[in-house]
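Engineer: Here it is, the structure in full.
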Amino acid sequence: MGDEKPAAETKERAQSDRPIQRVGVIGAGQMGNGIAHAVALGGFDVALNDLSKEKYDAAMETIEKNLERQVNSGKISQEEMDKAQGRITFAESYSDFADADLVIEAATEEETVKRKIFVALCPYLKPEAIVGTNTSSISITRLAAATDRPERFIGLHFMNPVPVMELVEVIRGIATEDVTFGRAKEFVSTLGKTIAVSEDFPAFMVNRILLPMINEAVYTLYEGVGSVDAIDTAMRLGAHHPMGPLQLADFIGLDTCLSIMQVLYEGLADSKYRPCPLLVKYVEAGWLGRKSNRGFYDYRGETPMPTR
Ligand SMILES: NC(=O)c1ccc[n+]([C@@H]2O[C@H](COP(=O)([O-])OP(=O)(O)OC[C@H]3O[C@@H](n4cnc5c(N)ncnc54)[C@H](O)[C@@H]3O)[C@@H](O)[C@H]2O)c1
């Protein structure tokens, strides 16, 4: 009894005993800012990197808005919001990750982009630092091979929007060590998320099931079976999906949807995963969904308007 610590001190000590304390995030887009938000709320220091300071500033604005929403709905206190914001800093270069225990890559879903990041990043990291990727579909084993530490590399697939969604898929590459797997799982649990472990197959579990459904919705539109509104209404009211598949595609980002379908098509060599030509056309037009203000819906007015 005599040497029992007061609760606050015990919590602080538990925090300083955590093998992961400082986290880096690369890519401050919709996923990167969501990850930074959730990780900072979890009590970790976060260094957030993107191609420019403007992208970081835009991410911080989004984080502020989303934290405010959580305060207003009583999910967190104003003090927790202030602390979380104070824990996030701009990482102008990879040298700002020198003391990071974990760096999570959340840049554009293109293998060449991600490989280049890992090659440039690794020389700046502590030898024991873990590298995670938020890829939606690309082989963890192949990405790990672009690093100097495949045994300390892991897939951490957060869901969108990160502060709201409960699940993180955790994926080991062929070389991922047990200790890395254990630390990654502990880290994810600390964030209050639930883990689903997936084998390293193209698009893992959630997107292996979800994206072919979205692609089929685009084919349904392409073949004139129904309009954007009819397809989304059908799936919302007929299958009780919280969002129609085309609305969801806009939310994910059509470029990301196309990349995932390409990974499935090439990785599983099955024609059932062929990306719909209409999806390809929208991406070629730069109509990427919400993030570019136009996709299957046009978001430039007061209310989203279906484009077909
Ligand atoms: N959108 C989703 O619903 C979703 C869900 C889970 C996982 N993901 C995955 O998360 C990752 C990011 O997706 P997103 O939706 O946030 O995309 P996004 O387009 O919103 O953001 C990507 C960000 O990466 C930045 N970037 C590109 N190259 C970079 C580089 N070399 N260094 C630093 N930053 C760079 C871009 O400037 C951009 O800000 C992808 O791998 C995607 O598959 C997306």
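The backbone N, Cα and C atoms fix where each Cβ goes, glycine too.
Keep in mind that what you see is a predicted model, and the values were worked out from it rather than measured.
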Engineer: Quick test of your reading of TrEMBL: among 1-20, 61-80, where does it put region 'Disordered'?
Structural biologist: 1-20
Engineer: Look at the NAD(+) binding annotation in TrEMBL, where GLY27, ALA28, GLY29, GLN30, MET31, GLY32, ASP50, GLU109, LYS114, SER136, ASN160 are given, and name the residue from LYS281, LYS291 listed for that site too.
Structural biologist: LYS291
Engineer: Rounded to an integer, what is the Cα-Cα distance in Å between HIS157 (site 'Important for catalytic activity') and LYS114 (NAD(+) binding site)?
Structural biologist: 15
Engineer: Counting by DSSP secondary structure, give me helix, strand and coil numbers for the domain '3-hydroxyacyl-CoA dehydrogenase C-terminal' (204-299).
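Structural biologist: Summed over the domain '3-hydroxyacyl-CoA dehydrogenase C-terminal' (204-299), the classes give 65 helix, 4 strand, 27 coil.
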Engineer: When neighbour density is defined as the number of other C-beta atoms within 10 angstroms of a residue's C-beta, which of the binding-site residues GLY27, GLY29 has the lowest density?
Structural biologist: GLY29
Engineer: So if I draw a 10 Å sphere around the Cβ of HIS157 (site 'Important for catalytic activity'), how many other Cβ atoms end up inside it?
Structural biologist: 24
Engineer: Would you mind pulling the DSSP three-state label for ASN160 (NAD(+) binding site)?
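Structural biologist: SS state of ASN160 (NAD(+) binding site) = coil.
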Engineer: Got a sec? Which of MET31, ASP50, LYS114, the binding-site residues, have CB under 6 Å of any ligand 1 atom?
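Structural biologist: Those binding-site residues that pass the cut-off, since their Cβ is under 6 Å from ligand 1, are MET31, ASP50.
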Engineer: Sort out the sequence-distant neighbours of LYS114 (NAD(+) binding site) for me: same chain, 6+ apart, CB within less than 8 Å of its CB, listed by position.
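Structural biologist: Residues satisfying the criterion: GLU105, ALA107, THR133, THR135, ILE138, LEU143, ALA146.
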